[in-house]
Amino acid sequence: MREAAGLEARGLKSPPILKGQDGEGSLQVHQSDDMKIEGAKVFAVYGKGGIGKSTTSSNLSAAFSKLGKKVLQIGCDPKHDSTFTLTGMLQPTVIDILKSVDFHAEELRPEDFVTQGYNGVQCIEAGGPPAGTGCGGYVVGQTVKLLKQHHLLEDTDVVLFDVLGDVVCGGFAAPLQHADRALIVTANDFDSIYAMNRIIAAVQAKSKNYNVRLAGCVANRSKDTDEVDRYCDVVGFKRIGHMPDVDAIRRSRLKKKTLFEMPDEEDIVQCRAEYIRLAEKLYAGTDPLAPAPLEDRDIFELLGFD
């Protein structure tokens, strides 16, 4: 009250209270009904930056394709390397391609922005705005709009969004507007679990207005899962996958390949089987989870330093 009176005395107005669709502080714009993805199961993959989301997403897309599903993977990162192991190359981004035609989308053909990758997986890199400018939500929206205009979602069984780092602003939370389930990639360490906790809070905020629900988490590049499991037990979450820390996964990325294209070594075969199991579980449908994210202080007490 004192602050408001001081502003009025100087002829200034109090700052507005921002309250959007997702609660106080939100300016998230509600998507129009004609932008909804229908007929496909839609997953959004999140996690701490550098945790292996793109590797996980690409191998999961390959696993879905091995189950006979028609898959579309959408990379949502300015690095545009989400589909790198599926296509064996860095694709140009949707935004770069639109710039080349002065944003006249009607001049584009599907082959201009979609590349067919391993085992028929359709790959697209949405990209992102230049550093410090624009909004990732706009990029995702333009990509979905382009796919709808070219009817590329009509015969698709699975759409998988691979989303930039652990950014949980309204823009990079945009894929949650389209997703049925959100999957979090984590590791058995404090920083990864801390990021997962923030992502859970973001998904829970979105679930008030959209259909998205949490499917669970995958412990990636982790020998053990005790810290992940301890966190999940406390907040009411679930680990639904575990990818061990094996060198074969690193080597597959260096060779620009998914694990399904690598030699039949024992550790590779085991990892493939885990991806197939995870794909089967996700496609069959997982129970919607509603964990209660912890306050920062509580995470430190649970997993932090003694």
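Cβ atoms are placed via backbone N, Cα and C, with glycine included.
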For this session: Kindly point out which candidate in LYS70, LYS79, LYS238 is recorded by Swiss-Prot as part of the ATP site with GLY50, ILE51, GLY52, LYS53, SER54, THR55, ASN220, ARG221.
Result: LYS79
For this session: Determine the minimum-neighbour residue: among LYS79, ARG221, listed as binding-site residues, which Cβ has the fewest other Cβ atoms within 10 angstroms?
Result: LYS79
For this session: Could you measure the widest C-alpha to C-alpha distance across GLY50, ILE51, GLY52, LYS53, SER54, THR55, LYS79, ASN220, ARG221, the residues recorded as binding ATP, and give it to a whole number of angstrom?
Result: 21
Exercise. Among GLY50, GLY52, all listed as binding-site residues, which has the most CB atoms within 10 Å of its CB?
Worked result: GLY52
Exercise. According to DSSP, which of helix, strand or coil covers SER54 (ATP binding site)?
Worked result: helix
